[in-house]
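S.K.: One structure coming up, written as structure tokens, with questions to follow.
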Amino acid sequence: MMEVVIPALTEELSTIIQQAMTGDKTAFSKLVWRYKDHIINIAFGVVGNAQDAEDIAQEAFLKAYLSINRLTSANAFYRWLVKITVNLSIDKKTANSLGRIQPLESALPLSNPAQSPELVAVQKEQQRLVLAALEQLTLEQRTVWVLYEFQELPYNEIGQILNIPLGTVKSRISAARSRLREILAPERL
């Protein structure tokens, strides 16, 4: 999963959000452009499938567009968009676990052709191992882990997004860390 830098809420970005809140389609398009990779990355972290992540991102932006006029503050936009994305991702992951299981290989992004074949092979194997390990976490653990480790959100923001107490966030991250350490630990002879 790639790291995505979260755009700081500058005065310019705040103005764009406020314009979108009044129905300005061009302003909302700018928000989609700024946040799309980040939102896809969050969805991918939860569902583990690139196509589903893109579908979730589209749906999240559509939901946001249809109800952005109800947003009370430009400062709340990012947290609100992430919450929409996480909820849709959890719904999709739950639906997938009840139905078909997606192979992890379908979730692997294409490698950079400028890299050596050996490096590409090593990176793909490492990514496959991490994705397989993430699949072994509970959905709750995986969701907080993705938001904390890959999106670098603080505990309190994760709690607000998921509507769970700070202690629950900490315990899920701790449990996920322990489980991942156990899964990814090198085999000992």
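One-based numbering along the chain as shown.
Note: Cβ is positioned from N, Cα and C throughout, glycine not excepted.
When I checked TrEMBL for this same protein, it listed these features:
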- 32-94: domain 'RNA polymerase sigma-70 region 2' (DOMAIN)
- 128-180: domain 'RNA polymerase sigma factor 70 region 4 type 2' (DOMAIN)
S.K.: Averaging the per-residue pLDDT over the domain 'RNA polymerase sigma factor 70 region 4 type 2' (128-180), what integer do you get?
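M.R.: Reported value for the domain 'RNA polymerase sigma factor 70 region 4 type 2' (128-180) is a mean pLDDT of 90.
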S.K.: I'd like the per-state residue tally for the domain 'RNA polymerase sigma factor 70 region 4 type 2' (128-180) from DSSP, helix first, then strand, then coil.
M.R.: 43 helix, 0 strand, 10 coil
S.K.: Using DSSP, tally how many residues of the domain 'RNA polymerase sigma-70 region 2' (32-94) sit in helix, strand and coil.
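M.R.: Counting residues by DSSP class gives 58 helix, 0 strand, 5 coil.
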